[in-house]
């Protein structure tokens with residue numbers, strides 16, 4: 001496996017692959033890999049001849065009060081894991097080459113997709129995501145890119161940006177990978193103290209509860225939201241950021257559940273660890 | 001010469017050229033061609049194997065009070081002119097394919113480059129320009145793109161955006177092409193009434209005057225601005241939008257002229273026709 005640090009070198013590799021008629025699959029990540037990431041890489045391997053994984057903790061998608069400095073990192077372990085997953089290139093640029101002096105361009109998707117859910121509590125986050133993914137697509141020139149469905153709003157934003165800017169990259173969504181107890185895998189799970197683990201399960205259990213109640217015939221998202229909020233707050237140290245029922249494509253709030261309704265949750269555990277989860281209700 | 005209407009078809013043509021190892025040169029335009037455009041196309045022909053010209057009157061770079069509907073158009077004449085100029089492809093998409101329903105992505109360059117000069121009097125203009133040029137680069141996939149130096153701030157914005165988003169396109173600036181009397185060529189010159197032609201010359205003559213005074217030793221941009229404003233307003237029906245002395249790369253205002261100082265002018269003629277011109281002072 002090649003480790004590439006410089007954008008120009010990454011693009012040179014990509015152009016060689018294109019010339020040889022090889023398809024490139026990209027998995028953009030912020031590192032600190034878990035089984036969720038590895039499943040994205042394996043999926044990319046099924047869809048392309050060569051898989052490139054980008055590892056870049058992108059400063060512009062973190063807010064000033066967020067966990068950029070503390071975000072978990074372990075480069076050596078990450079290298080070993082992607083190598084074992086059959087990845088051809090690990091692209092790990094430094095911030096000064098991604099955002100050199102004078103950098104001043106922003107790619108932003110409109111408020112229809114970015115003004116609610118995580119966009120409401122993390123202003124600027126999705127512009128940071130759209131900008132860095134646009135750059136990564138131009139640097140790595142993939143035919144296909146695989147993203148996890150856990151970052152459900154991010155996926156909608158990237159699909160929109162890719163179509164709108166004619167980036168010509170096929171976007172593939174991969175299902176959420178969970179621990180045996182149902183917790184959605186996330187690099188941020190490592191922030192949880194042992195006694196907070198049970199509270200972190202409030203998200204996936206709230207999804208299950210919503211499905212059970214909906215299966216019994218409930219369609220009102222207002223009534224469901226009240227039940228779920230109480231349910232989540234019955235776990236210690238939990239604070240609901242949002243409980244939203246939205247259309248899977250438009251991300252617009254719905255009053256009544258149907259087959260296209262996704263429930264999306266964000267919960268802060270111990271005032272410190274913000275976790276998200278989501279899924280179709282029916 | 002091929003006329004291509006659909007973005008996907010344009011990209012298919014571009015990929016074929018790339019596969020064959022051919023270099024593509026792009027000249028993005030809004031049509032209604034004059035000798036200025038043709039010189040850009042000839043320059044592109046020297047730099048690439050095949051030249052593509054895009055013709056798209058981009059609605060998102062016009063303000064609500066601006067001349068989008070009235071912008072001069074003559075598709076048949078334009079086709080004949082580009083064909084004679086040796087262009088391989090004229091890419092002329094319709095707005096509904098460039099901005100389909102649900103479109104919501106904006107590419108914007110920061111206020112350091114877009115907050116002053118034309119950006120001050122045309123809010124949103126440069127975001128419209130950056131977004132459409134980003135799209136055109138992704139659709140046409142040129143190796144090199146040629147822009148006129150008349151749109152001096154546009155050139156700086158596009159250079160910045162191209163570098164920041166790793167678009168991998170070489171940006172070439174082509175000198176301003178002028179009528180015999182000095183008027184910078186522009187599609188908007190066709191708006192001028194015969195009696196306003198003399199007033200339109202106030203721009204190029206003001207540039208010449210600035211150079212004469214600077215050659216005599218004047219370095220204060222404040223004193224020069226006063227002289228030039230009075231000079232331009234001595235022509236009938238003229239109204240200065242801005243007279244700015246800026247660094248050629250950063251576009252930041254300067255108090256004293258040096259070898260990197262560009263004087264940039266925007267003048268409204270008859271309250272209706274807004275013309276621009278620029279050049280190095282020394």
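Any Cβ shown, glycine's included, is placed from N, Cα and C.
Pulled from TrEMBL, these are the features on record:
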BINDING   B:30-37, B:148-151, B:177, B:185-188  ATP binding site
ACT_SITE  B:37  active site, proton donor
BINDING   B:61  beta-alanine binding site
BINDING   B:61, B:154  (R)-pantoate binding site
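The separation of residue B:149 (ATP binding site) from residue B:61 (beta-alanine binding site), Cα to Cα, is 18 Å. In this view, residue B:177 (ATP binding site) is surrounded by 18 other Cβ atoms within 10 Å of its Cβ, with every protein chain counted. Comparing residue B:37 (active site, proton donor) with residue B:154 ((R)-pantoate binding site), their Cα atoms are 16 Å apart once rounded. Non-local neighbourhood of residue B:36 (ATP binding site): B:148, B:150, B:176, B:177, B:184, B:185, B:186, each in the same chain, at least six residues away, with C-beta under 8 Å from its C-beta. When the binding-site residues B:30, B:33, B:187 are ranked by how far their Cα is from the Cα of residue B:154 ((R)-pantoate binding site), B:30 comes first. Just so you know, the Cβ of residue B:61 (beta-alanine binding site) picks up 21 other Cβ atoms within 10 Å once every protein chain is counted.
If you take the C-beta of residue B:187 (ATP binding site) and look for same-chain residues 6 or more apart in sequence within under 8 angstroms, you find B:30, B:31, B:32, B:33, B:34, B:71, B:72.
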